[in-house]
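Following: one structure in C-alpha cells, then a few remarks.
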C-alpha cells in the first residue's frame, strides 16, 4: 500500500459537496442533477440552476475552512489553497479565488492563529485543468480564517452501503482537484448513460456527510415517502454489479464496518496506475501486447501500452467499428450497454469473456519479439456481462432491456457526452495515418493495436477507437511529453529545413532581368519556364515531386510579381509602345491616360485622381517647396544621375513616361498615400541602398551604396515609409531578406501597419518566450506525436518563421530584447547558436526602428548589431542626437558601418598610407571615434563662433549624403494639426518638501557629480515628500523620527505642490478631455492611482489606466485600445516614460503632464509626440513641472543646450540662443484660471516654449 503523507487527512463531506467557479468566485453547489444525459447543478446562493457547465474545469469538491491544526500540520510554502481575496477593480465584495502559499510568518498560537500567510493569486481562475498556471507577481497577505483547504476524493469507495464516498482528502495541488483523475468519472459515465436509457433522474448529493448517488422518484418530489433510494456499485467474485439500496435519511442506520475488503494485488496494481496508461477496475477487459521496435519519437523510458480484447463475436466487432466517436474516457460498460439485441449472433449469457492481466514488474522485463508472446504467467478471471445481473427491476433496468435496441437520439446524446468527457477528462488523442508517421517522424516501430482473438489460431487487428476511415486503422497511445533526445531531433529537423532553403534560395539577383520581368510579366514567366525545362533536361533523375514543388514556387513568385495594381499588357504591345512611339498622353475619362498617337494606356483611370485633388497644400515648418525647385527629369544631359527630387509637379498621383522607368511604378497605389517628405525620403532610400531610382542604373556591388538614416520628427510616418519601401525593394531584390528590429512597445504597431495598408508581403513576427506563451497564436501543428512544451514550441515557432523568411520574399520583425537573447555567444544550446548564426549572416537589409537607443560604446545590443553581416541598413529615429557627440558617432556607425572608413579618410591624414593594414574593426572604430571627438566635437562645443561654424560644416559635409532630416510641424500628414502649446512650470515647494529637498541638496553638494540615490530621492520628494519612503536608500539620509513624520503625509495631497497642480487640472478638464501623465518612476504612478481613487471615486481598469514596462505586448495593446476608444470610460492614463514614450499613438489625450525632468531631451520630445501626432483633433497642452532650486533646474538647462546643438546640426540656418525660446506668457485658459486661484503661491515662474509650440 502507498504510504500516506502527513498532510493527507480524511474529512467528512460538506452539506454542499461541490463548488463551481462562476462570476469571479467559487460558489457552493447543493447537488448535481443528472437527467436525460445532461448534468445541471443547483447553487446554494439563491437556488440558481446552472446547466451550461464545464465539469472538469470549473467544478470540484468544496474546499473546507482551515483550522488551527492545519497551520501546524498542513499549510506550508508551495501548496495551493483557496483564499478570500479583495479584488477592488472588479467587485467591492471579497471573493474566493485560488492562490499559492509563498511564505508564512509564524507566530505563537494561543487561543487563535495569528500567523500571516503571503500568497500569490493565480491569474487564470476557474481553469483547474491547466498544467501550469500564471501567478500574480504582487503577493497578498491573508490570515488563517481567510484560507480554505482544497479537497479531492479519497481512494476508498464504499461497495455495500447506501453511500458511495465517505471521506474527502486534503489536497495540496490545484491540478489534483480535478474530478476526472479518480474513480468518480466512470461512475458519472454510468449515471449519464442510464439516465438516457431509462429516463431515471439521479442526484449526487450529501446525506449525513457522505456522498450519495440518489435516485429521484415521484414520491421523493411529493415528499410522501420517508425512505430514499440510492445506487451503488459492488464487485462479487470478480463480477461488477450495480444495486439499489433503500435508506431512511432520518435515521443513521448505516455504520462503518471495521473490516476492510481484501482486493487481489494484481487488480489493485492495475487500478492504481494513472488513467493515461491504465483503465478503471470494472473496465479492465484487455491484455498487454509486448513492446516492439521504437523510433526516436518514443517517450523514453516509457513504452506504448497496447490493449488486446478477445471476442467471440464478429458482429460485435462490426458494431464497434460503425460507431465513429469512441474515446478513451469511456470504456467497456458503454459497449456492453449498447449491444444490439436483435443481431444474428447476439450476446450469449453462457459465453464468458476474459480479462488478461499482466504483472507490472514482469511486463517491463519482456523482450522485443515479432508476433505475440508472453513472458509471465497470466491470471484469468471470469467476466460476465456487466449490466446483466443489475437488480433494478423496479426501475425497469433488467438485462434484456439494457441489451435492447439503441435509437439515433440516444447515440447523439452519448456522443455529445463522450466529446465533453474527452475534452475535459483527458487530453483528446489525435489520430494520424501510418504513412504520415513513417514519413514525417521516421517511425520504425509498430503502432499500438487491439488484437481481437478468435477461436482459431489467426488474429485480426483493429483499433480500439472507432475511426472515420478504414476500420483497420491503428491508433497510438501516446504519453504527454517527449524525451530530451526526441526534442533535439525535432529541432534538428527544423534547422536542416532552413539550411536546405538557404541553399536553394541564396542566389544573386540580376537587377536588369528582374526589372524586365516586372515590366513584362508574360515574357518573364516564359523565360522562367524555359530555365525550368533546361534544368529538368540536365537532371534526368529529378523526381516528380521536385518538379511539382518547382512549379508551385514559380506560381507563388508570379502571383507576387503580378500585383493587381500593375498594368498588364502583352509583350508586342509593350515593345510597340516603348520603342516605336513617342507618347503624347491625354486624359480619356473612361480609360485613363492614353497616348493619342498609338493608344497606349499609360495610367488606368482608377489611378488618375480628380482635378481638384491633384494639388494639395503642403505645410512645413520653415518654408514652402516651390515648383521650380522640383526637377522632373532623372538623368541630366551629361548622362550623370541627378540627385534632385524626381516627383513630377503636374500630378504626384500619375506616373509619367519617365516614372514608368523608375521604382515609382512598383507601388502606384502606395505612392498616392505618401506625402511630400515621405516621397523625398523614398527616393533617398533607393539612392543610398541601391544607387539609383532607375533599375537600369542600379549596381548592388558598388562601393557608394551603404546604410542611411531617416531622422524625421516623431509622428511623421516613418513606419509607413519603410513599409512602402520594402514593398518595392523586394520586387527588385527578392533575395534580400529584410530584418526589422524595434522596441517591444512598437512591435504591435508594426504588425498593425502592414495589415492596415494591405501590403502583399508576408510578415513574420518573432515573439519573446514569455509573450509567445501568453499569445493565442499557435502556428505550429503536430500530428501523431505528443504536443511539446511551451519552451520547445517557442523554439520551433521561431525556426519555422525563419524558414519561411528564407523560402519567399518576406519581412522578419522582432524586438531588440529577443534579438539580443538569441545572439548570445555563450549559449549552451545548439539551436540558439544556430539561430544566432542565421541572424548574423542571412539579413540582406537591416531596419532599426528607434535606432538611437543602442548608442553606448559598451552596449551589448550595439555590439551584437554591429556583427550583423550587412552594410545595407536603415536607422529610424525621431531624435537622432541624444546626449553627446560620442553617442552620436556610435549611432551613425551603427546605421552606416562605412562611416568609420569615411571619418578616417577625412580626418586622419596618415590613414591613406596605412589603409592597407588589416586591423580589427573595433580598433578602427576606436580610432575614428577619437578623431571625430577631438576635431569635430570640440569645434562645435567651443564658444568661438567661426570655429563652431567650421565644425558644423565639416559634420554636414560628412553626413548629409546618408541622413534625411525632416523637422515638420509635428505632423507627418498633409493635414495641419490643431496646435501645440508647451509650458514649463517652475514651482515652489511646500514647507515639508522644502525641508527634505534642502537637506538632500546640501548632501549632494558634497559629492562630485550626481549620485543616483540622491537624484532619485530629490526627484521623488519634488513630487510628494512621502515618496521617499518607497525607496530602500531613504534610511541612509533620514533618521527614523523623520521617516515616521513623513509616513503620516501619504494621503495629504496639499503637502506636494506638483500633486496639487495635477489634481486641480484633472478636476477642471476631466469632463471634456483626457489626460496623459508621464513619470520616470513607478512609485508616483501608484500614489496617484490611490489619490484618484479617493478623490474622484474612480476605479483602476475603468477610468484609470496604467502603461508600464512590466506589461506584456498584448496587454499593452489592450490598454492603448481602451484609452483610445471613442466614448470610453477611461479618463487618465499614467505611463512610464522609459517604457512607453516611443512608437505608440495616444491621440485621445489632449493634456500631457511631465511630472519630472529627464537628462535626455529626446525622451520628453518622444513623450509629447504620443499625443501630438496625426489623428489628434484638439489642441495639445503640455506641462513640464520643475521644482525650483533643485537638481531639476540643472537638468532642464542641460537638456535645453542639447536641443540647441541638435538644431544646429540639422539646420542650415542660424539657430538663436536657447534663452530666447522661452516667454513668460499664458495662452491656456485652464492654466490661467489655476494660477489666478492659487492662494499658496505654488508657481514661481511659468514660461511658454515658443520654438516648440505651434499655432492653436
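Using the three backbone atoms N, Cα and C, a Cβ is placed for every residue, glycine included.
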845-848, 849-852, 853-856 - the range that Swiss-Prot marks as motif 'DEAH box': 849-852
Annotated stretch (region 'Disordered', per Swiss-Prot) among the listed ranges 428-447, 448-467, 468-487: 448-467
DSSP-derived helix, strand and coil totals, residue by residue, for the motif 'DEAH box' (849-852): 0 helix, 0 strand, 4 coil
Chain-internal residues, separated by at least six, CB under 8 A from residue 719 (ATP binding site): 746, 749, 750, 753, 849, 876
Neighbour count (Cβ, 10 Å) for residue 718 (ATP binding site): 24
Number of other Cβ atoms within 10 Å of the Cβ of residue 716 (ATP binding site) across all protein chains: 27
Local backbone state of residue 715 (ATP binding site), from DSSP in three classes: coil
Cβ packing number for residue 712 (ATP binding site), 10 Å threshold: 22
Number of other Cβ atoms within 10 Å of the Cβ of residue 717 (ATP binding site) across all protein chains: 24
Around the Cβ of residue 715 (ATP binding site), the count of other Cβ atoms that are within 10 Å: 25
Protein Cβ atoms within 10 Å of residue 714 (ATP binding site), excluding its own: 23
